[in-house]
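Colleague: Swiss-Prot feature annotations, pasted as is:
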type	residues	note
CARBOHYD	Asn59	N-linked glycosylation site
REPEAT	143-165	repeat 'LRR 1'
CARBOHYD	Asn143	N-linked glycosylation site
REPEAT	167-188	repeat 'LRR 2'
REPEAT	191-212	repeat 'LRR 3'
CARBOHYD	Asn201	N-linked glycosylation site
REPEAT	213-235	repeat 'LRR 4'
REPEAT	236-257	repeat 'LRR 5'
REPEAT	260-281	repeat 'LRR 6'
CARBOHYD	Asn265	N-linked glycosylation site
REPEAT	282-304	repeat 'LRR 7'
REPEAT	307-329	repeat 'LRR 8'
REPEAT	331-353	repeat 'LRR 9'
CARBOHYD	Asn416	N-linked glycosylation site
CARBOHYD	Asn451	N-linked glycosylation site
CARBOHYD	Asn491	N-linked glycosylation site
CARBOHYD	Asn704	N-linked glycosylation site
CARBOHYD	Asn710	N-linked glycosylation site
CARBOHYD	Asn801	N-linked glycosylation site
COILED	886-946	coiled coil
REGION	891-945	region 'Disordered'
CARBOHYD	Asn907	N-linked glycosylation site
COMPBIAS	915-924	compositional bias 'Acidic residues'
CARBOHYD	Asn970	N-linked glycosylation site
REGION	1227-1378	region 'Disordered'
COMPBIAS	1289-1304	compositional bias 'Basic and acidic residues'
COMPBIAS	1305-1324	compositional bias 'Acidic residues'
COMPBIAS	1354-1364	compositional bias 'Polar residues'
COMPBIAS	1368-1378	compositional bias 'Basic residues'
Amino acid sequence: MVKNQIFSLKSLWSSSIFKILYCYLFTSLLLILSTWVSVNDGLSVREHIILLRLYFDTNGTTWYHNQGWKEYADCILAADGSVRKALESIDPLTGQIPQYLWADHFSQLDNNKTLYKIIHNQIQGHKVVICNAFGITCEDRINLTGIDLSNNNLKGNITPYLPYLLHLRNLNLSNNHLSGCFPDGLLKAQSLVALDLSYNNISCTLSLADSKAISYIDISHNHLTGYFKNVWKTPNLLFLDLSFNKLYGTILKEFFRQKSLDYVNLSSNQLIGFLPILSKSRISYLNISNNRLIGNITLLTCWKAGSLRIFDAENNMFEGALPESIFDHSPLQYVNLKGNIVKDPLPSILDCAKSEVKIIVPDGLKQNKCDPKVSSNWVLILNPLGEEFNIVGSDFGINSKSINIQFQNGLHCVDNVTTIIKSNTIISCKNPQGRNSTYLKLTIPTGEPGNFTVIKQQLYYYRPIIKSCSKVYKNIGGEITILGSHLESFNKTSNGKKMITVSIGNIKNSFTNVTSSINSDGFSGEVISCRNADIITPDMITCSIPSNTNLQQPAEIQIIIDGITAYVPIDSTRPHFLYKGVYNKDITISKPTEYNQTITISVPNETIIDMDQVVRVLIDDNDDSICKNIQHINKTSIQCLPYSETCGSNVKVTLVTKYGEPQFTTSLNYPPPIITRVTQGIDSTSNSIITINGKFLKTGGKRNLSIKINDTICCPLYNEYYYKQDELDDDNNNNNNNNNNSTTDINNNNNIIKNNNLIKEEQILCYYQINQSLPIHLNLPVTLTLSNQTVVKNNIYSQTNSTCPNNCVKHRTNGCRSGICECYPNLTGPSCDENIPESTISNFSNYLPDFILSFPKFITNNTFNIKFLSISEVNESGNIVDRFCSLNNNNNNNNNNNNKNNNNNNNDSNNEKEVVEDEEEDLDYSSQNDNNNINNNNNENNNENKLNWKLINQTKTTNALYTLKIKKKNVTLDILISSDNNQHREVYFAGEVIQVPKSSIELIVNLKGKWLFKDPKNQLKFNFLVKPVNDHDYSLCLPSPFVLISDEPFRWITMDVDSSTIFAKPSNRFLLNNYLVRVIEPNYKLSDSNLTLNLYYQFNQTTLKQQDNHGDDNSDNSIKYTEDSLKFRIDFSTFNSRREINPKPRGCFKDNTHKFPYDYYIVFFGCASGLILVLVICIVQCSRIESRQRKQIIKSFKATQKMPVEIKTPLLPPSFHFNFLDYNNMDLNNNNNNNNNNNNNNNNNNNNNNNNNNNNNNNNNFNDGSDTFNNNNKKNLNYEDNCDTVGFDGKENDIKNINNKKDEKEDDGDDDDDEDDDEYEDDTQPCSSGNSSRSKGSDGGSSSNSLSSDKQSFNNGNENNSIIPENKKKHLTIINKK
């Protein structure tokens, strides 16, 4: 029992404890919440002070609507003098606080809890709510979010502190009389969303906009000046109006790149320059009127802005004609070009669209009238199933709703919808289904209200087309499927079936143009009608063939739908009906040793198959894959040539006879694939394209190819052919190239190469995707499976010595074969020696300066041919005045002209054809002015105008010097070609250091003598030809070059062909009579066939130093000459560029990795130098800003009294520095500052001076006698009988009461301290009403900071200084004073 009572008491006690704890926690939570609510119930101190500043700065008493503002201002100012001080501290007129300290100042205000309580208590006591005042919007009465005082008669300067309202989202002060400068930082406020200061008198410059929140800015109709700032970091800005200001400068393209910008008004300013690109902007309203912008009206990009609706450019300096495509891309509704120079006539589209678009142009311009027409050479062919079709013409207007299209049968476009694809020229609609219309009518408005033009246009429909037919067994029959297009019937018979008939047989005449049905008289032999013909889909028809038919093979197919005979192709793809074949093991086929080789098909005897009856041989049972050129040897054998893509093993061959079932075998076998080498090795850092070279790699267009590298699948891409030259001795090759050029005949049209030293080789490309989790090995096997034939190439990357793998790894490439290390890099330009392959130069011609650049054999066989074509004199218009061309000469010079005119130059016909095809104008040895008389000139005169090149000083196969004499101009032209470069090096030419890559070709052109110009304004032009001589079979896609010119400082010209790149780099300077002259950048031009590149180097009189003809008194002074020597340099080099996957149509691939060459060291050095320069600039700028701030602080707070001589007191504590921003340490309850420490009496000579003589270190100087200070120190002290004048200079902007601070803190709640304060106030002798004493430093530098709360008192009777404890200072002071 006792135990139970004890247990119950314990339980009661424990429950009571929990209840007490629970009540305690709940009470604490309530207190915390109430404290938080009381503290945050109201605006912050900064918001109150800035609102008061706004009210007083704009003369709030004169506002039209100031409900709640006057009561609010009077209530707060009546609270305490500290509020007025805080308000005066940010008075713009006095400027006590510098601008760069405003942010810190407002932060101190927000942290001043005493000032917040004073304002909060005063507002709650008078029940004043500023959030209810006119124009104020608050969020839960805590944050100020909106100020709208528009049209309210605000006068005076705009408050500069508005950017420091941290929660302000909307500010509207428009239509007032505000003046002053635009508040700095207002457009940087991160909370501001909408700003409207329009229709005021605000001046100065516009601050930088850097805010992610702002979306609306209207500062129009003010007096803003300065440069228009284009850097607007406002990604969400929608509306911007800066019109009617005084902004000047240009509009940069970055300004319109803001994605959200929709409305822009920059009218009535002083902007100059061009209108930036607007094609990618989303602006719908753009007003730039009354500025000084310039540009070509035709080329303005605003016509291509996809969202622009309003465009006002009145009173600018635009010039040009309005384009016909003005409405192609922009939905314009208003265009104003008045006050510009608009050329006439105006396009007709303006007349057609004047009812939809308002266009204002200068008066008196001619206008082309709107005359809708359909293009005469346009044929309208419709899909009977109904689909979108286009009508091409002119003057269709821009409003598709006003265009009506009606067909012959009375129907309109589907859904009666007409669309304008291209304004004024192309309209589109969807035709209804059927074939029962022969024309349509277009009704188009002419621009005048109520006037329309009706156009009748004939139309056609697509005929049904037969593409293929399935097979059935002869004796069994069955259902066949016929595939095609437009196989749809729209008419029905009386019994409700579709009107379709299918007939199969041998037809006497072709019925490809038959428009009506035919009877059995049109056939020969047996003719059947396919039963139960039905249209399954518009592309498929099915019908049934009866059994035991005996159709002659191959049989024709005839389909008639709605009385229209289906079209059957008449070429080799013509579809036929054939019976299904049966397997015959007795058929034998010879085994070909090469592709495209004739095969022999045989049977043991004619009873099995009579070979004379074979009419067709099918490969792979495909009607399109037939064996061509069938030759009947006898009744048991035939020969034929399989179609070009036949390859693989166990190929099916079907023999079709006139009558009887086709029979087939699968005994056609080509040799298995052979892998000779694998190039384009695996990259260890990214995916790669692997090239497999070999023989019998043809896939035949079938998906029967599988490639694996080790165990990873390499995705097959495509295969192609190229010609690989046998590995012959280099010397023999060079001799063959130089001595017997006629052995090689390249026909670019037929892709045929005739050379005994060239054999055919095949390639297969595959995409290898690396596995990051697996290491890269150099010794990987390749497994290739093609048409059930598998070949494995083990150790494809095997090495025979240690040097090879080291080099391969070093160069980040893989590949060695036959004991030869193949380290082939994937290059993007010349960078260093080890990454540059060894290109070779060959094929020097004896007749003209040319050479061939080629890659190493293991990379590619692509080559480039560079030739010097001509030297010309052209006039200002670019027309050729004199030209001397490099054509191949015959050994018999007397027959040169005849051979040229007849195009029968036998020795070098190929080169001559290349030059004639690549040059855009007819080439001639002589001047064009002499063309009319060339046939009348004798041989001597003809020889005088020819370029008879001579090849001299050819000591090596890689060097050649060409020279010629142009007798007519009395000049000599030398061209030096050299490729003897074994390393990447720098050469010095024409005062310039040129980077020359390894294995490059140097070409130096030297014109010696004085070139006689026919006109001093003419120019001298050198022409070079760059042509790819590729050995690939480009039947799939042509090797179209891609040309680019790099930026400074490299100035490379690149020409990409397939996987190869040639780099051409001219020197930046040239030598003119040993004087350095800046060269003009070369230009280029692709030929019409896009296969060759013409490089031009042109020199005019601004670069060529010219002089009069000396020594000839009778010479024409207008004729000028070049100097004695003109020399310039060009460097060529070839590189293999890395392949990447970028599919193009027809299976072609484009390499997008070509980059311009650069030197990594130069780039790195440039970046490092730039970074160091930026750091130095930042350090200097920061030092300047810090120095400027320090000077401003010193200037802002000048001391008004010099300091006395310091008395060093080692026992004193460190000095306390006064922070004028710290309002927490000020005594805000004492406005008169109780001058208890300033009771100096001139009659008392033994008075202690420790309370008045404070130095800069806050040390209290004690004077034990009357003669302590010398005369100089006495002069520095300004003692007066009246304490009102002691150290007071009358300036209101100085720091007040710095000697009279209290000892206790503001938040101390000690009652004893309050009593002590009362006693202290009663015993002190204050100065006259509210004036506070100030102490002036002895040096006039800084104000003394001796605070009464920090003051050190000393014992008068003791010579040793003793520090009084803080809690007894005031009591001791009171006792001493008493």
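Cβ atoms are placed via backbone N, Cα and C, with glycine included.
On this model, are these features tucked inside or out on the surface, and what's nearby?
Modeller: Listed in sequence order, Leu154, Lys155, Gly156 are the same-chain residues six or more apart from Asn59 (N-linked glycosylation site) with CB atoms under 8 A from its CB.
Sequence-remote contacts of a segment are chain residues at least 6 beyond its ends whose Cβ falls under 8 Å from one of its Cβ atoms, and for the repeat 'LRR 1' (143-165) they are 43, 46-47, 50-51, 53-54, 57-59, 62-65, 90, 92, 99, 102-103, 106, 131, 134-137, 171-186, 188-189, 191, 196-197, 200, 202.
Within the same chain, the residues at least 6 positions away from Asn143 (N-linked glycosylation site) whose Cβ sits under 8 Å from its Cβ are Leu43, Leu166, His167, listed in sequence order.
Mean per-residue pLDDT, taken over the repeat 'LRR 2' (167-188), amounts to 90.
Taken residue by residue, the repeat 'LRR 3' (191-212) breaks down under DSSP into 0 helix, 6 strand, 16 coil.
Sequence-distant contacts of the repeat 'LRR 5' (236-257), counting only residues of its own chain at least 6 positions beyond either end whose CB sits under 8 Å from a CB of the stretch, comprise 198, 206, 209, 212-228, 230, 263-278, 280-281, 283, 287, 293.
If you look at the repeat 'LRR 6' (260-281), the same-chain residues 6 or more away from its ends with a CB under 8 A from one of its CBs are 215, 220, 228, 235-253, 287-295, 300-302, 304-308, 312-313, 329.
Within 10 Å of the C-beta of Asn265 (N-linked glycosylation site) there are 21 other C-beta atoms, taking all protein chains into account.
Proximity of distant same-chain residues to the repeat 'LRR 7' (282-304), defined by a Cβ-Cβ separation under 8 Å and at least 6 residues beyond the stretch ends, is recorded for 243, 251, 256, 259-276, 310-323, 325-326, 328-330, 336-337, 339-340, 342-343.
When Cβ-Cβ distances below 8 Å are used as the criterion, the repeat 'LRR 8' (307-329) is approached by residues 262, 267, 275, 278-279, 281-300, 335-344, 346-347, 349-350, 353, 357, 360-361, 398, 422-424 of the same chain, each at least six residues removed from its ends.
Secondary structure at Asn416 (N-linked glycosylation site), as computed by DSSP, is helix.
A simple way to gauge crowding: the CB of Asn451 (N-linked glycosylation site) has 9 other CB atoms within 10 angstroms, across all the protein chains here. Secondary structure from DSSP puts Asn451 (N-linked glycosylation site) in coil.
In three-state terms derived from DSSP, Asn491 (N-linked glycosylation site) belongs to neither a helical nor a strand segment and is classed as coil.
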Colleague: Sequence-remote contacts (6 or more beyond its ends) of the repeat 'LRR 9' (331-353), Cβ cut-off under 8 Å?
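Modeller: For the repeat 'LRR 9' (331-353), the nonlocal Cβ contacts are 289, 297, 307-324, 359-362, 365-372, 394-399, 423-424, 445-447.
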Colleague: Could you pull out which residues elsewhere in the chain have a CB under 8 Å from any CB of the repeat 'LRR 4' (213-235), counting only those six or more residues past its ends?
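Modeller: Distant contacts of the repeat 'LRR 4' (213-235): 169, 174, 182, 187, 189-206, 241-252, 254-255, 258-260, 265-266, 269, 271.
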Colleague: Quick one: give me the count of other CB atoms within 10 A of the CB of Asn710 (N-linked glycosylation site).
Modeller: 12
Colleague: Give me the CA-CA distance between Asn710 (N-linked glycosylation site) and Asn704 (N-linked glycosylation site), in Å, as a whole number.
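Modeller: Between the alpha carbons of Asn710 (N-linked glycosylation site) and Asn704 (N-linked glycosylation site) there are 19 Å.
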Colleague: Long-range neighbours only, meaning 6 or more apart in sequence with Cβ under 8 Å: which ones does Asn970 (N-linked glycosylation site) have?
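Modeller: The answer is Gly1009, Lys1010, Leu1012.
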Colleague: Enumerate same-chain residues with a sequence separation of six or more from Asn491 (N-linked glycosylation site) and a Cβ-Cβ distance below 8 A; give 'none' if the list is empty.
Modeller: Lys498, Met499, Asp562
Colleague: Provide, as an integer number of angstrom, the distance between the C-alpha atoms of Asn265 (N-linked glycosylation site) and Asn451 (N-linked glycosylation site).
Modeller: 38
Colleague: Out of Asn416, Asn451, Asn704, which of these glycosylation sites is nearest Asn201 (N-linked glycosylation site) by C-alpha distance?
Modeller: Asn451
Colleague: With DSSP, how much of the repeat 'LRR 1' (143-165) is helix, how much strand and how much coil, in residues?
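Modeller: Tallied per class, the repeat 'LRR 1' (143-165) gives 3 helix, 9 strand, 11 coil.
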Colleague: Same-chain residues six or more away whose CB lies under 8 A from the CB of Asn704 (N-linked glycosylation site)?
Modeller: Gly648, Leu786, Ser787, Asn788
